[in-house]
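Engineer: Structure in structure tokens, see below.
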Amino acid sequence: MGDDRRLIEGRWVTKSGDVFMEYVEDEWRTISAEDVSALSKQWDAAPSSAANGQARCVVNGVTMLWNDTSKQWIPEEHPDDEILVRYSQQYGDASYSAADQTEPADGAENQEAAQKEGGAEEDQKSEKSEEKGEKHEENKQKRGAGWVDLDESKSTTVYVSNLPTEEFTVEEFMELMAKCGVIMRDPRNNKPKVKLYRDAEGNLKGDGTCCYVKHESVALALQLLDGSRVRDEEIKVERAHFELKGEFDPSKKRRRLTKAQKKRFEDNQNRHFKWEPEKSRAYRPISDCTVIIKNLFTLDEMEADVTFGEKLKEEVTETCSRYGVVKKVTVYENNPDGVVSVNFESVENSDQAVRTLNGRVVKGRALEVSLWDGKTKYAVAETEEQRERRLRQWSDYLEAGSGSSDEEHHEERPAAAQNEACDG
């Protein structure tokens with residue numbers, strides 16, 4: 001099919017080689033040979049749409065625009081501010097003349113003043129950081145490098161001796177010690193702070209240590225576990241006493257936790273001591289308020305019309321509002337399964353939507369409607385090819401909308417052609 005289309009007696013005609021075709025009922029149909037001879041003269045006399053950039057006609061007062069992407073006539077639309085804002089929010093790359101605003105005349109002066117203020121603030125911050133660094137160095141010199149004495153009364157570690165030495169595992173040791181409290185975990189690797197000592201050959205020596213979260217667990221272990229029997233062995237439990245070995249090596253000193261790491265570690269520990277009521281049998285997760293609709297559209301439909309996603313979102317919102325308050329509708333434009341998610345205010349609303357919409361046929365496709373499982377992600381990354389196509393269609397859409405008003409004033413057409421309907 002040729003790119004040149006001409007309006008002849010109220011119908012759009014194109015020419016491909018020696019073959020003439022007319023646009024009827026959303027498709028191009030070949031014109032019979034007997035009509036070609038008379039049509040050739042009309043073709044030569046009719047203005048070319050390619051020459052003047054026109055591909056429009058009027059149907060019942062509605063201007064129709066030929067869409068090269070979908071190969072069909074569609075009502076001409078003017079991009080309003082709402083569509084432009086939504087597009088910019090979703091893709092962040094919309095550009096149009098209204099956004100190209102020049103800076104005021106005094107912009108340079110304001111910028112220079114802002115730079116001066118910013119420079120002064122940076123100088124103040126630099127001075128404060130230097131003072132803080134000097135104080136930190138002074139404190140380090142006062143403390144010196146060496147071993148630190150620990151207050152054993154505040155220690156939450158117990159030492160256990162006379163443990164079994166044959167096939168005794170760390171898991172068994174943890175199960176024994178957990179009877180008296182929650183075992184602390186290392187904030188750096190999240191492993192439980194328990195240890196069974198071994199000799200140089202790797203054999204168990206029969207002793208070990210366990211670090212609890214709470215001081216009360218130490219007293220409980222001394223009371224309950226000291227003197228108890230494990231595999232016919234009477235174990236001994238006491239507060240751990242730490243002795244200094246060798247010279248202090250700064251390279252082996254552990255890096256201190258940051259404030260954020262320390263807070264996260266303490267929060268994880270405290271979770272073990274929080275009391276929460278049991279969930280009722282009628283409890284429903286928050287994800288049950290979201291409904292997933294599949295097969296609602298195809299990628300071809302989405303690519304044919306740059307505003308299809310926004311239109312579909314409005315239609316889904318209007319339809320689903322019958323079942324309850326709709327909080328949010330998301331159209332996953334690049335998902336090949338044609339997925340749309342609808343977030344309702346309550347699970348009763350979402351249940352009603354699933355019962356009503358599941359299995360409904362739309363454009364020959366049976367909808368698959370279900371509650372969201374709370375885990376599956378339906379967003380699909382846009383490929384470079386899809387991005388280029390979308391930007392090209394968006395640019396065509398903006399150009400068609402901005403140029404339509406001028407064309408309506410300057411274009412002169414026969415009255416008969418303005419009132420006759422376009423086929424399709």
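Using N, Cα and C of the backbone, Cβ positions are placed for all residues, glycine too.
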Engineer: Have a look at 182-208, 263-289, 398-424 and point to the one annotated region 'Disordered' in TrEMBL.
Structural biologist: 398-424
Engineer: Count up the helix, strand and coil residues in the domain 'RRM' (289-374) according to DSSP, in that order.
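Structural biologist: DSSP composition of the domain 'RRM' (289-374): 31 helix, 24 strand, 31 coil.
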Engineer: Count up the helix, strand and coil residues in the domain 'RRM' (156-242) according to DSSP, in that order.
Structural biologist: 21 helix, 30 strand, 36 coil
